[in-house]
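Each remark here refers to the structure printed beneath this line.
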Amino acid sequence: MSFTGERKGRLIVFEGIDGTGKSTHIGHLRKYLEEKELEVVQSFEPTRGRWGRMLRDSAVTGRLSVEEEVALFLKDRREHVKMLIAPALARGAWVLLDRYYLSMMAYQGARGIDPEVIRAANEEFAPVPDAVVWLDIPVSVALERIGNRGERDAFETEAGLAACRSVFASVHAPWMLRIDADAGKEEVAARVRKALSMRFPDVIGA
């Protein structure tokens, strides 16, 4: 079984280990698409819903077991798809997400759950992205950027980030767009647009 909802819009996901600048580049793309008078819906995961708040709280109050995390992520994503993602795609909007189930594959995969099992569980109900913009930077650069913003969470160690990055690197699909994000913001934005222009030449110019 897989997502069978109506799909007139496009789903673009920004992924990467912490410190890659996902929110910055989602903002650039949103502005570009809105200037073309397209409807854009921007969101993130985990959400601010009931299940997402539990996941966020766990990062502060103490980690849940990986099995508990997986269960909560699936509940949060089901609600997200039903309430926001699917309706937006059905009416023709461009949906831009800061993280999606590839992050779950990477982060919970790094804690011992088979990433392909996670992928299969999600694709039973969640729409496959039209494009994933994987902002890739070396772990050392990510740690430097994270250090500049303050406290780290449980995954923000060299070993943790390296494990997550290796999962992202293992995903091979036509919609997976690797972007070298170890550069200035304007240069990375140009690389993102060029990659997306090849995926959506009728809408996005290089």
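Each residue's number is its place along the chain shown, starting with 1.
In case you wondered, yes, glycine gets a Cβ from its N, Cα and C as well.
According to Swiss-Prot, the ATP binding site annotation covers Gly16, Ile17, Asp18, Gly19, Thr20, Gly21, Lys22, Ser23.
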Cβ atoms near Gly19 (ATP binding site) (within 10 Å, other residues, all chains): 21
Neighbour-count leader, CB within 10 A, binding-site residues: Thr20, Ser23: Thr20
Cβ-centroid neighbourhood (8 Å) of the ATP site, Gly16, Ile17, Asp18, Gly19, Thr20, Gly21, Lys22, Ser23 excluded: Leu135, Ile137, Ala142, Arg145, Ala181
Count of other CB atoms lying within 10 Å of the CB belonging to Asp18 (ATP binding site): 19
Secondary structure at Gly16 (ATP binding site), reduced by DSSP to three states: coil
Neighbouring C-beta atoms (10 Å sphere around the C-beta of Gly16 (ATP binding site)): 27
